[in-house]
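For reference, the structure is listed below as structure tokens.
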Ligand SMILES: Nc1ncnc2c1ncn2[C@@H]1O[C@H](COP(=O)(O)OP(=O)(O)OP(=O)(O)O)[C@@H](O)[C@H]1O
Ligand SMILES: O=C(O)C1=C[C@@H](O)[C@@H](O)[C@H](O)C1
Ligand SMILES: [Mg+2]
């Protein structure tokens, strides 16, 4: 009889809106916990050979969402550290299903802090135009979805990224 191979799974999956700090906090948390960090936006960019903003322009959002779905499902099955998802990943039903028995932390951010953090950068194609209005619309549409997949919620408003990482770390320790 062969010994069962334990399933590889992330220590924690970070979800939340653009500017919540999934990438920034995720990196800090992984370093502090001594585990690897992986970001599905980066995985998609590697696979496509171009930045997310170019995928949206050249191939469209639907093509990006397909690449994202494959990247998330793959990473959930092979990464055992901190995994950050793209801000809109939870809007894909197959991704929500795949998150079902994982530890998922929703990094919550309000409109004012989110707008401050994303600034006027051009790397986020869904924010082109009126940044504040787009962020508000996405927060309104997506907040219930983040809440539905989350096992934990951490409020990041008014906290710097290191404080948020420390809070998530405490939460992971508590659950051991
Ligand atoms: N808690 C925080 N306080 C202040 N600034 C922050 C905080 N977290 C992240 N930032 C800053 O906000 C910007 C966006 O953060 P980051 O790229 O980590 O967000 P994200 O959630 O990964 O967004 P996306 O969904 O677009 O990938 C960065 O400039 C980062 O340094
Ligand atoms: O919120 C979103 O839909 C997105 C967030 C980013 O992480 C990227 O995945 C992309 O810019 C789309
Ligand atoms: Mg990110």
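Just so it is clear, glycine is given a Cβ too, placed from its N, Cα and C backbone atoms.
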*Same substrate site per TrEMBL - residue from 41, 43 joining 65, 87, 142*: 41
*Candidates 69, 103, 124, 132, the one TrEMBL lists with 19, 20, 21, 22, 23, 24, 159 as binding ATP*: 124
*asked:* Can you tell me the CA-to-CA distance separating residue 159 (ATP binding site) and residue 87 (substrate binding site), as a whole number of Å?
replied: 19
*What binding-site residues among 20, 23, 159 have a C-beta sitting less than 6 Å from any atom of ligand 3?*
23
*For residue 124 (ATP binding site), which DSSP three-state class applies?*
coil
_Alpha-carbon spacing, residue 142 (substrate binding site) to residue 24 (ATP binding site), which is rounded to whole Å_ = 21
*Cβ-based isolation winner (fewest other Cβ atoms within 10 Å) among the binding-site residues 22, 142*: 142
